[in-house]
Amino acid sequence: MDEIVLARLLFATTASVHYLFVAVTLGLTPILATAYTWSAVRRRRAPDAVEMLSRLYVANYGFGIVAGLVMELQMSMLWTGPGTDVYSPIAGLLALETVVAFFLESTLLGLWLAGREILPAWVQAAIFWGIVITAYASAIFIVTANAYLHYPIQIEVLDAAAFMSLLMRPATLWTLLHITSSSLVVGAFWCASLGAARLRSGAASTGKPLVRIGVLLATVASPLMAASGAEQFGVVRPNGVQGAAWGAGLIDAMITAGSLIMLLTWVVVLPLMLTGRIYRRPWMLEILRYGVVVPMVVIVLGWVGREVSRQPWFIVGLVRIEDAASPIGPVPLVVASVLFVALSVGTLGLAIGALRRIIRGVPVLRASAT
């Protein structure tokens, strides 16, 4: 296999795995922040459904950090290329994402976890809104950097004005809207999946609120996801720049699947939820329980299709893929590929196991007998 092809497949694998965790994080944090705020306003303890959803979020976040480290390490090894000025905006945005957004997000999450039994409810809610803001700030920095890869503009120094010029343009804003709305759909499906699992186990007081939140959020977010997903590809790169043909097939599959999610949510799932019939049909609950797989697959298809569509360019019109790759040699590349794929797939497998235990109401870690 060609070295460039292998390096691209490795990046696609590690980045896709990491993106799954990112989407769940972006989808669940606004739900949890709203729920904790509502509990603080009412001066009541957060419902068991919210506490269970928060455990799902924290576990996902931890595994996401591991997957992100694997992705960053393979990028630093395989995609350094010759240093040029055109890389400066990307490096600056990634540095801002790490220092400003990720560091603050992790710090706030640690503070929230440590203060669960100490801090007043309104302080906990405020901290969680800080987590939401920093999580979405991280998404803004990353999407802005990715939009630059697809549609570069002349940037001499990455100051505030340059950042705003990169952010406030259709190539970035439509993509950002699509990423956030699709993540909200993912979060909605996780809510509904967890709720359906609790209903199947007889915990109606926990399951019904989660199903209700999930269905209503998917109803609102799915039209935004479908519309922005179709619109972004018309403005993503300069006119006349064509990408790989098979990437267009993945994009078509994503748009079709996203439209079906929206249609089924509005026409089937929402009416069944409003009439209460969905709670009394075990087969419907099973579909909700495992339906979370659908948006997860769709977002990966969309991301891969988007990235393939800029081939053979690393930075469209400026740097080709082969020029961005690091010349490390075939043997180190194969060793790195085996190692990084094993780490990414292993992390995903452990995460699936842990999240399934949380959904079933089983502790992720059992205390040993003494």
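Positions of Cβ are set from backbone N, Cα and C atoms, glycine also.
Taken verbatim from TrEMBL:
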type     : residues : note
TRANSMEM : 20-41    : transmembrane segment
TRANSMEM : 53-70    : transmembrane segment
TRANSMEM : 90-114   : transmembrane segment
TRANSMEM : 126-151  : transmembrane segment
TRANSMEM : 171-197  : transmembrane segment
TRANSMEM : 209-230  : transmembrane segment
TRANSMEM : 250-275  : transmembrane segment
TRANSMEM : 287-305  : transmembrane segment
TRANSMEM : 333-355  : transmembrane segment
Intrachain neighbours beyond the transmembrane segment (20-41), with Cβ under 8 angstroms and 6 or more residues off its ends: 47, 50, 53-54, 56-57, 60-61, 63-64, 67-68, 120-122, 124-125, 128-129, 131-132, 135-136, 139, 179-180, 182-188, 190-191, 213, 217, 296, 299-300, 348, 351
Recorded stretch, among 53-70, 90-114, 250-275, maximising Cβ pairs under 8 Å relative to the transmembrane segment (287-305): 250-275
